[in-house]
Amino acid sequence: MKISLNWIKEYTKLRMAMTELVTTLTQKSVEVEAITHFSELWKGIVVGEVINLQMHGKASRLKIAKVDTGIKILDIVCGAENIARGQKVAVALPGTTLPNGMTIQKAIIRGTESEGMICATEELGLPKEGNMDIMILDHKLKAGTPLAKALLLDQEVLTIDVLPNRSDLLSHQGSAREIAVLTNSKFASDVHKLPRKTRNTLTLHVTIQDSDACPRYSALVLDNVTISESPHWMKNRLRSVGIRSFNNIVDLTNYIMMDVGLPLHAFDYDRIAGKTMTLRHSVPEEELTTLDGVNRKLPEGTIVIQDADKLIDLAGIMGGENSAITHNTKRIILQSALFDPKSIRKTSRKLMLHTEAVQRFERGVNHAATLEALAKAYDLLKEMQDDMILDSIIDIERKTQELGSITLHYARYEKIIGESVEARQIIQILERIGCRIEQKEAGFVVVTPSAWRTDLHYEEDLIEEIARIVGYDSIQEKLPEVRLTLWPVSRHEQRKEELQRLLKTLGFQEVINFSFASKKNIENMSGDTQQHISVENPMNAEQAFLRSELLSSLLKNLKENQHRTQEGLQFFEIAHVYSQTEENFSEHMRLVGVSNEKYLDFYQLKGIVSALLLHMGVSQCQFQMTNNHFTEPGTCAQITWGHQIIGSLGKLHQRIQQTFGIENAPWYFDLDAEKIIDKVPEVMKAQEIEKFPAVLHDLAIIVDVTLSWDVIEALIQKETGSLLASVELFDMYQGSQIPAGKKSLAFHLVYQSNERTLTQKEVTPVHERLINALQQHFHAQVRSLSPTSNFVEKT
């Protein structure tokens, strides 16, 4: 919404400097988005008089105009068709920068020097007016006058962001009233009344079928109207707030809308068939060609106006082309009505047609202003055309808008805001915003809001008004006095937080996703939605089910970050998943991580998971090779602890990778967080430091590529017995030195006793028995045998 401060001054005095006014409005009322200084915007643009005009000798479409700029007569080459001798025009002098950024300089055009530019409205940053090539000014203006001063635009224009509940601020009267309240200034009411005497010779019958759709309908029937150009002062006013000029009647309706805040509409009386107007809801398949020339198929239930033959108005949104004012119009119907805000908003959205009228009607307008707006419109039109005749006045109020009273308790204000305000000051503020005081008592006041404040309904609304006008910045900072009961953090939560901290130290970033999944995601991962819990009223299709797994959410996180050229991503999430059976619902916590690190492999991920589990007290867990539909064959391991399955890890299957659009095939792990947390002992047992030295052996063997490490590890544990303290796989190799279908595995063996120092003599038979068992069970070929940590190739 643009508001002209020159316009505002008609209703209240501006007692603040511009910067202070803008700050006050922003802090206490509406955000000021922009300030337009036309005197700065049009610096170097003056009124010029065309004193001579001749055709350009070398271009048939160009003319050479001699323009008096008050100081100097300039020769300007101009191609406008509507230029004529004696006109007053807007001239940009050499060195002037126009609002569009173009700087005017002297130039040679077809051999003739042009010493400036005669401007069109759009070149001045104003809306285009009709088919005029250049802007024609009032002939009474003096040549050389700065354009901003000549058009009465030498005052700033503010662009404000009006909140949806403050429809009263979508007018200059409303904005002036608000400024008067904030600056403690007087507001000069603009009272207009319609004449009591009318001619009553032109018939018009108005019928309202639904009083909720149109609670009040007012109109004037005017005769002997001349359609002409608007007076310059009105055109300038409209220009200042970004509205183009059409003719005196259309401009009048726009002027009243911007001034009073109530949209008007004008019909050509002679184009109304049967001289009847019926307000009703549309039925299916009805259409109307609106003023913008678009034929629109109307949604069922749209508020429309029809005459005896046809639809003529999309009520509250845009008029019909078939009843519009033309240059031949002599008699008009000037309409001022109230329409249901919900219906206007709904229709506007469906038609994708948002007009200035919609902006006001959908928020609610002053229900007492229909005749007031018509009265002011009549007075202005009478000033323009004294011979215009008021034939009749129509005012149908089918549904009275009652103003309900509101009780404000002073103690309630203090409780909500946090500090008290004197009752006298509260009453003064309420009166300033237009409330009528009905009752004053020691602890409360009863008021009736004004008709223009359609947003005041409850006690809290009044509290907000008082607080903002007093000033939120004047509220003293005070720490809240809250008595908190500190509940001990459960062991379960402590262990969960420990898991989160540990994964972060291992290079993973935590994400928190919504606990919902789409049908498409479920089908991508499992293909079956039967065991998933559906949401009864999902916000959208992406949230139709509760998640039964976390992996798909993390894959979507990978994809989103991949689009932002992020690489080497490692995410984890710890959250609840949900499923259902025929008997009941289940919910449990999972911990899932994904990584698309380029050089990550199975053993590195196994090491990460092992470190995580070991830190949580889960030792001696087993990694057994398996397959599932998430992973590539041969890359998945099931993690068991004792007799319980606590998770899995593997490389994402190519099918799922392509479905989610992920470039590098990620690895993932999926752990049962509840089992890990619940089974961990509350007090960790410290392991005694070994007293006796260990005997170290490295061993490398060649086995079939299909043989998994967990099978080999189980045999090693069995053959070495209690003497083996640990075994660790540290290298896996497939390449040119290894036969096809084979792989090389290298591992550390640590032999140690907690009772004595082992000798090589004790260890050697056990180690040889192990080698024999590997050869016998797996046809293993031994590559190295070393009693030290150094790797030696055996020949």
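Our numbering is plain: 1 for the first residue shown, then up by one each step along the chain.
Cβ atoms are placed via backbone N, Cα and C, with glycine included.
If you look up TrEMBL, you'll see Asp455, Asp461, Glu464, Glu465 marked as Mg(2+) binding site. Sequence annotations record features per position, and here TrEMBL assigns domain 'TRNA-binding' to 39-148. What TrEMBL records for 401-477 is domain 'B5'. For 690-783, the entry in TrEMBL reads domain 'FDX-ACB'.
Counted with DSSP, the domain 'TRNA-binding' (39-148) comes out as 8 helix, 41 strand, 61 coil. Ranking the binding-site residues Asp455, Asp461, Glu464, Glu465 by C-beta neighbours within 10 Å puts Glu465 at the top. With DSSP states grouped into helix (H, G, I), strand (E, B) and coil, the domain 'FDX-ACB' (690-783) comes out at 34 helix, 33 strand, 27 coil. When pLDDT values are averaged over the domain 'B5' (401-477), the model yields 91. Residue counts for the domain 'B5' (401-477) under DSSP, helix first, then strand, then coil, are 33 helix, 14 strand, 30 coil. Other than the site residues Asp455, Asp461, Glu464, Glu465, same-chain residues with C-beta atoms no more than 8 angstroms from the centre of those residues' C-beta atoms, the Mg(2+) site, are Asn165, Arg453, Leu456, Glu460, Leu462, Ile463.
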